[in-house]
Amino acid sequence: MIMTESREVIDLDPPAETSQEQEDLFIVKVEEEDCTWMQEYNPPTFETFYQRFRHFQYHEASGPREALSQLRVLCCEWLRPELHTKEQILELLVLEQFLTILPEEFQPWVREHHPESGEEAVAVIENIQRELEERRQQIVACPDVLPRKMAPPGAVQESCSPQPLTVDTQPEQAPQKPRLLEENALPVLQVPSLPLKDSQELTASLLSTGSQKLVKIEEVADVAVSFILEEWGHLDQSQKSLYRDDRKENYGSITSMGYESRDNMELIVKQISDDSESRWVAPEHTERSVPQDPDFAEVSDLKGMVQRWQVNPTVGKSRQNPSQKRDLDAITDISPKQSTHGERGHRCSDCGKFFLQASNFIQHRRIHTGEKPFKCGECGKSYNQRVHLTQHQRVHTGEKPYKCQVCGKAFRVSSHLVQHHSVHSGERPYGCNECGKNFGRHSHLIEHLKRHFREKSQRCSDKRSKNTKLSVKKKISEYSEADMELSGKTQRNVSQVQDFGEGCEFQGKLDRKQGIPMKEILGQPSSKRMNYSEVPYVHKKSSTGERPHKCNECGKSFIQSAHLIQHQRIHTGEKPFRCEECGKSYNQRVHLTQHQRVHTGEKPYTCPLCGKAFRVRSHLVQHQSVHSGERPFKCNECGKGFGRRSHLAGHLRLHSREKSHQCRECGEIFFQYVSLIEHQVLHMGQKNEKNGICEEAYSWNLTVIEDKKIELQEQPYQCDICGKAFGYSSDLIQHYRTHTAEKPYQCDICRENVGQCSHTKQHQKIYSSTKSHQCHECGRGFTLKSHLNQHQRIHTGEKPFQCKECGMNFSWSCSLFKHLRSHERTDPINTLSVEGSLL
């Protein structure tokens, strides 16, 4: 990028006055020389090869063929096809175009860092923007103080830019307001010498404040930072740091001359420079602007902000709104003692949290002050951060920009999409080390850990006296930030609260107003980016079991207000969540989500063993107990285990002799609801007998019983052949086998095929020696209860199967089928209808 060029003498005054005012002018003269020593000092880089290729001129070659050849060589030096792949070369071309379209104030700064990819360039720009935001908060006015020496020592070098450095001067002949010029006069920046090759030096003449030329205030920043990018790369880290600090001083001095923000907010901080011998008073009626110069790469960010500043005619206290004043006081009221390890930052006086950026500190302060400056124009709801307001406004607009690529479901917040991904993957990365239970969300794990915390704290308080202080020995295993890749299946294992111990000591007394921080429960992670220290405090109710939210209707209490709101919908009958497909409403959103899967056919929960899918996670959990044989719900009375909680609840009624289901016909009470339905079928048969119709077949008609049970449930699964509907897909699958005559289950003993798994178990009882069902009349035993029922008809003379053609009765259905064949020739259609009704 550094080429041999002829440098012209840079003169700041017209040529006619050069001989007379050599002592008064700011002159920089560099003779023509070969800059190969700079290449030795700074070896060619990727940016150097790129600049050689871009700035190659046609006249540098002897002819068109040589020019084309040199361009090819320069392009190969830049793109390096022998080392880079096609994708890498494309990335370099995209990077070159990206750097070209950047704003002028960003281009030199980004090229200084020599990014090798577009991502690196974007990262540099984001860092610049963050630094701009931080400096915008920190730039303040130093009242009436301007340092005499504003240039960093040993920082200015020779400028390789072909553009001359111009400094506007006021000719001595101009009579306009000489007094004002003297008031606006500033000492010209001292340019220290830097040793060059062959003992050449960069000389600079300084202007005096009396009869010599005066420099405008607006150009102080340009003169102070007249560095070119190549020169900046020659400085070491200490010189760069010194230059940055002094650049801030220069800019603070410019603002002290009367420049204020557009909002007329007066920013006050301590003086930057100790040199307070010379003071200048800001002009009373002056309006100036700082000119732009794209060559000043290092301070292009500050110059952009200087242009947005205006001179305030009345230098004094500016009007501020309360929120600006609070934010300003929070920034300025920071002492050096509040920094840690010499770092520059801001520490919160309320909670002690430390922030490096002022913008983050201001947002944090709003948590303590309760300020919510961002208000929704639709509903008037306020938020303390703009991003929260943006998310809330999507509720009114219906915008859902985050879409799942698997099922197409859209979300308003990106975190909701991340949580939704775990539904498809079935992943539960948050595990409890106490009981081994896994959770798909971190909030669910926290709620689960609170239960362990309450149990152990209650156990501890029972053993100790009331005067004993309660404490928790916290221990948490470190988990790294690398374990937190969402796209790579999050693998976080949050450690559990461990070792509560017999004796408990609490580090601070708990009163009703004081809470237990979450870091007392979970500890602190090792990663700075995963900062859970801002998790809200957990109220004392987490450890005492307090339920402050009480229902006025039934008196039931809840820990969280959201649970109370959901519970109150039971009393009010409110069902705000409605299905757009069928119009059915629900009182909870999760119920609506589960119902909508009936229409969409979505089954996101898949069993990894057999591949069976389910709409609800709880159904998958119940199904997995089939493979594992686990029966987690055990009866404390007899020790019997059950796979479902509802089965255990029905079993417990046997011990408590609780009979909650009563028949309205005869008043008989039953333990289970299915027993009540079976009993009501008997009453139906008795009523039909009074009408002269024998309906004894209804005494054990499972079809009627199932129809009774499904009356209160949905029946979304319908058979395409006969139109019959079912509440569960498994019932529909079994029903299809009646049409297809499929028998997938086989007996292991005789290899006979059956249509249902339950029929297989009944069939295998034939080969067993045990006959548990015994007739009380003759003592004969049977393996199946249905066989016993058929046998008992011999003793009772019961004939429940009747032919509708001739009225003849039979004890068994097989006898009726044989009889019906005699009517086939006369009326085969009626015979088929009778067979269908019996089936």
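Here the Cβ of each residue, glycine as well, is placed from N, Cα and C on the backbone.
The domain 'SCAN box' annotation in Swiss-Prot covers 51-132 and rests on sequence analysis. Secondary structure of the domain 'SCAN box' (51-132) per DSSP (helix as H, G, I; strand as E, B; remaining residues coil): 60 helix, 0 strand, 22 coil.
Feature annotation from Swiss-Prot assigns region 'Disordered' to 151-175.
Per Swiss-Prot, the feature compositional bias 'Polar residues' maps to 158-173.
According to Swiss-Prot, the SUMO2 cross-link annotation covers K216 (among others).
Annotated domain 'KRAB' per Swiss-Prot: 218-291, in sequence order.
Positions annotated as SUMO2 cross-link by Swiss-Prot, on the basis of similarity to another entry: K248 (among others).
Taken from Swiss-Prot, the feature SUMO2 cross-link applies to K270 (among others), supported by similarity to another entry.
Among the features that Swiss-Prot reports, SUMO2 cross-link is placed at K303 (among others), with the record citing similarity to another entry.
The feature SUMO2 cross-link is assigned by Swiss-Prot to K317 (among others), with similarity to another entry given as support.
The feature phosphoserine is assigned by Swiss-Prot to S335.
Looking just at the zinc finger (346-368), the mean pLDDT is 85. As annotated by Swiss-Prot, zinc finger applies to 346-368 (among others), with the evidence given as sequence analysis.
What Swiss-Prot lists as zinc finger is 374-396 (among others), and the listing cites sequence analysis. Secondary structure of the zinc finger (374-396) per DSSP, as helix, strand and coil residue counts: 11 helix, 4 strand, 8 coil.
Marked as zinc finger by Swiss-Prot: 402-424 (among others). Remote same-chain residues near the zinc finger (402-424) are listed as 391, 394-395, 440-441, 486, 490, 602, 604-605 (criterion: CB distance under 8 Å, separation of at least six residues from the stretch ends).
According to Swiss-Prot, the zinc finger annotation covers 430-452 (among others), on the basis of sequence analysis.
Summarising the annotation, Swiss-Prot assigns SUMO2 cross-link to K509 (among others).
According to Swiss-Prot, the feature SUMO2 cross-link maps to K513 (among others), an assignment based on similarity to another entry.
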* Can you tell me the three-state DSSP label for K785 (SUMO2 cross-link)? -> helix
* Helix, strand, coil residue numbers for the zinc finger (801-823) per DSSP? -> 11 helix, 4 strand, 8 coil
* When a 10 Å sphere is centred on the Cβ of K785 (SUMO2 cross-link), how many other Cβ atoms does it contain? -> 13
* Asked: Using DSSP, what's the helix, strand and coil tally for the zinc finger (402-424)?
  -> 11 helix, 4 strand, 8 coil
* Structure fact -> Taking DSSP helix as H, G and I and strand as E and B, the zinc finger (633-655) has 11 helix, 4 strand, 8 coil
